[in-house]
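Undergrad: Have a look at this one before I ask anything.
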Amino acid sequence: MRLNLISFFIIFTILVSISNSQEFRSYTGEGNNKQNPKQGSIFTPFIRLANPIKFNKNGFPNITNQPSRAISNIIFDQQTHIGSKEHLTDMFNMWGQFLIHNMALSKPEPNSWPIKVPKCDQYFDPACIGNKTMNYFRTRATEVPCDVGKTVVDEDGKCYEQINSLGSYIDGNVLYGNSEEICKNLRSLSGGEMKMTVTDVGDLPPKNVPGVPMDNDANLFPIDQLYSVGERRGNENPGLLSIHTLLLRDHNRLARKFARLHPEWDDERVFQQSRSCIIEQIQKITYDEYLPTTLGSFPSYTGYDANVNAQVSNEFTTTAFRFGHSEVGPFMEYYSENGTRLQPLPIKFSYFNPHALNRGVEPLIRGLIINEEENIDIYMISDLRNFLFGKPGQGGLDLASRNLQRNRDHGIPPYNSLRRQLGLRPVQTWSDITSDPQIQNRLKNAYKSVDDIDSYVGGLAEDHMEGSCVGQTFYLIIYEQFFRTRAGDRFWYETPEMRMVNRECETTTFAEVIKRTTSNIGYVQPNVFRK
């Protein structure tokens, strides 16, 4: 009996020692890879899967296709609702946006490259003036060693790559910020909790927190009315903000739990443990629910590999993972507890609108998990294509044009060239891309040949792979990225070390997160990404 007690106290002492000395992630991503501490951290270059197109002597890509807005008008114009073939919900595209806001951000530089508007454009040049443009500022880039290969090369032989302003790991920086200073500003600094505002409709993120920079691209409301969260784009739409809210509530629930179970822990220890559990929750939802819904399946974890670079690829963030923009429907839907559809909010009025949460997150969450999203294809709703962040002529933009312009700015090669470099067979005819005659006709009207197609357009136009909601090209890019994201993360939740650290986390499905962080939510299907 005495031996058993001694053994117990030895094991307990070891566990306490491990717990107290535990290394947690940095906020910047730095130090994750011990061999290359900067790898995957903030303000480091994207990597490439394919060689970019050539740039001219002025530093601009050699483009012979029509301007981006002209392509947008031919290809992306959506007139009718086209429901998801896979019966996916609006929550699916919201999680995708939340996820990419954790992994990548291309910040602009002062160098402008305006998007030419076709004369007599219905929205942006109705008076047929013929000299209208839309603002586009080129992505910030940095000089890199030419021996890394697959980089943009200028006329002087110097090599450049666009900068990822976020850490590339799935590390919760979307909630906690990508610096210790921002995170401290968002913390209550008491009991390991995050700052929240108590309201009649539940706890919501705080507003106007000093030292926490937030975007306000629409300028519909003063910036001091916007919510403060860890990623500056958090107010882009209320669906995105609702996911922030749920996970912040869950963080504080965990903090209260750990403070109760471990009275010897200080605020910092409780906070870091709660943060680690929320990161695990985000990773688990992404790999157990989101990726199988996107790709049909995803292989099991095989362990950490320090030789794998988890940095985001340019093709992933600039091209393939922008498929989500075609999923967005014309309204933010709200539902009551008994399933009654409430007054919806048009997307064009949802941008950076803090009042969209005045009824709480519950009506919006119900809408996200009930409503079927738009199909993933070449079509994009008018509120994104003509009214992004404002009215045409009053600051409004075209998201499809911006995506195309960014692909060209980053030197993403044409569709067939990209396919070849990815090891895929190049297409010969329009019907090799899609079996849909209407999409074939739009491609023919926009491009001279299949070799001219912009990769963003070609990838969206493809027939979906069986069991997946995307075509072959985007499938490969997305699969490749998320394989590296997981394999190259020393703090991945499935490593033996992190399983020990997070043994009290009790992570669950996304459906269970919703149930425990909302009030009177009603029925929540097991897979909230599918109807």
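Cβ from N, Cα, C; glycine included.
These came from Swiss-Prot, pasted as-is:
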ACT_SITE  H101  active site, proton acceptor
CARBOHYD  N62  N-linked glycosylation site
CARBOHYD  N131  N-linked glycosylation site
CARBOHYD  N338  N-linked glycosylation site
SIGNAL    1-21  signal peptide
SITE      R233  site 'Transition state stabilizer'
Undergrad: List which of the glycosylation sites N62, N131, N338 have their Cα within 10 Å of the Cα of H101 (active site, proton acceptor), in sequence order.
TA: none
Undergrad: Nearest to N62 (N-linked glycosylation site) in three-dimensional space, by Cα, is which of the recorded positions N131, R233, N338?
TA: N131
Undergrad: Do you know offhand how many angstrom separate R233 (site 'Transition state stabilizer') and N338 (N-linked glycosylation site) by C-alpha?
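TA: Spelling it out, the Cα of R233 (site 'Transition state stabilizer') and the Cα of N338 (N-linked glycosylation site) are 32 Å apart.
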Undergrad: Determine the Cβ neighbour count for the residue listed as 'active site, proton acceptor': the number of other Cβ atoms within 10 Å of its Cβ.
TA: 23
Undergrad: Sorry to bug you, but what's the C-alpha spacing from N338 (N-linked glycosylation site) to N131 (N-linked glycosylation site), rounded to the closest Å?
TA: 52
Undergrad: Around the C-beta of N62 (N-linked glycosylation site), how many further C-beta atoms are within 10 angstroms, looking at every protein chain?
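TA: A count of 10.
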Undergrad: Once the chains shown are all counted, how many other Cβ atoms turn up within 10 Å of the Cβ of N338 (N-linked glycosylation site)?
TA: 6
